[in-house]
Amino acid sequence: MVPKLFTSQICLLLLLGLLAVEGSLHVKPPQFTWAQWFETQHINMTSQQCTNAMQVINNYQRRCKNQNTFLLTTFANVVNVCGNPNMTCPSNKTRKNCHHSGSQVPLIHCNLTTPSPQNISNCRYAQTPANMFYIVACDNRDQRRDPPQYPVVPVHLDRII
């Protein structure tokens, strides 16, 4: 009985550790609203090269993000997608606040090729350009910190297809 109890406690601790790691990957820096963080991660590609553009995101998160997709469109265009019909989010079936882009957009997908946990400025990325549809989750804007011209804003890039 004791070995089973001990083993199950270890499994529970490992599972909780994995959940904590997974949950930490979806944390935004405190100075951003969810919409601002979406724009930083997925619209504002500060360089045409993934390695340089990802340094901005990695510096906020203090880690090398495994992958990221930049939509080569405007924030306003993505806000317009929030007006498309609601659908269940593919990555989280309990969320019903997703919207399909309806048309393909150019994008660049960045994939970590050289991790560097000790020095995030040494992380290197490969990039893949494409034209794809996307699904975005939208929520009401942060009343205190988001601009009032957009009552509903994108907060999560759920999927590219």
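Note: Cβ is positioned from N, Cα and C throughout, glycine not excepted.
Secondary structure at HIS42 (active site, proton acceptor), as computed by DSSP, is helix. The active site, proton acceptor feature in Swiss-Prot is assigned to HIS42.
According to its DSSP assignment, HIS156 (active site, proton donor) is in a strand. Among the features that Swiss-Prot reports, active site, proton donor is placed at HIS156.
Under DSSP, THR69 (substrate binding site) is assigned to a strand (E or B) in the three-state scheme. Annotation source Swiss-Prot lists substrate binding site at LYS65, ASN66, GLN67, ASN68, THR69.
Taken from Swiss-Prot, the feature disulfide bond covers CYS50-CYS110 (among others). Taking a C-beta cut-off of under 8 angstroms and a sequence separation of 6 or more, CYS110 (disulfide bond) has the following same-chain neighbours: CYS50, ALA53, MET54, GLN67, ASN68, THR69, PHE70, TYR125, ALA126, GLN127.
Per Swiss-Prot, disulfide bond is recorded for CYS64-CYS123 (among others). The number of other CB atoms found within 10 A of the CB of CYS64 (disulfide bond), across every protein chain shown, is 21. When secondary structure is read from DSSP and collapsed to three states, CYS64 (disulfide bond) falls in the coil class.
Under DSSP, CYS138 (disulfide bond) is assigned to a strand (E or B) in the three-state scheme. Sequence-distant contacts of CYS138 (disulfide bond), defined by Cβ-Cβ distance under 8 angstroms and a gap of at least six in the same chain, are VAL81, CYS82, ASN97, CYS98, HIS99, VAL152, VAL153, PRO154, VAL155. The feature disulfide bond is assigned by Swiss-Prot to CYS82-CYS138 (among others).
Within 10 Å of the Cβ of CYS89 (disulfide bond) there are 19 other Cβ atoms, across all protein chains. Per Swiss-Prot, the feature disulfide bond maps to CYS89-CYS98 (among others).
Sequence annotations record features per position, and here Swiss-Prot assigns C-linked glycosylation site to TRP34 based on experimental evidence. Secondary structure from DSSP puts TRP34 (C-linked glycosylation site) in a helix. When Cβ atoms from all protein chains are considered, those within 10 Å of TRP34 (C-linked glycosylation site) total 19, not counting its own.
Marked as N-linked glycosylation site by Swiss-Prot: ASN44 (among others). Of all Cβ atoms in the shown protein chains, 14 besides its own fall within 10 Å of the Cβ of ASN44 (N-linked glycosylation site).
For ASN86 (among others), the entry in Swiss-Prot reads N-linked glycosylation site. There are 13 other CB atoms within 10 A of the CB of ASN86 (N-linked glycosylation site), with all protein chains counted. In the three-state DSSP reading, ASN86 (N-linked glycosylation site) counts as coil.
Per Swiss-Prot, N-linked glycosylation site is recorded for ASN92 (among others). According to its DSSP assignment, ASN92 (N-linked glycosylation site) is in a strand. Non-local contacts of ASN92 (N-linked glycosylation site) by the CB criterion (under 8 A, 6+ apart in sequence, same chain) comprise ASP158.
If you look up Swiss-Prot, you'll see ASN111 (among others) marked as N-linked glycosylation site. In the three-state DSSP assignment, the secondary structure recorded for ASN111 (N-linked glycosylation site) is strand. Sequence-distant contacts (6 or more apart, same chain, Cβ under 8 Å) of ASN111 (N-linked glycosylation site) comprise CYS50, ASN66, GLN67, TYR125, ALA126, GLN127, THR128.
For ASN119 (among others), the entry in Swiss-Prot reads N-linked glycosylation site. DSSP assigns ASN119 (N-linked glycosylation site) to coil in the three-state reduction, placing it in neither a helix nor a strand.
The 3'-nitrotyrosine annotation in Swiss-Prot covers TYR60 and rests on experimental evidence.
Positions annotated as signal peptide by Swiss-Prot: 1-27.
The 10 Å shell around the Cβ of TYR60 (3'-nitrotyrosine) contains 16 further Cβ atoms across the protein chains shown.
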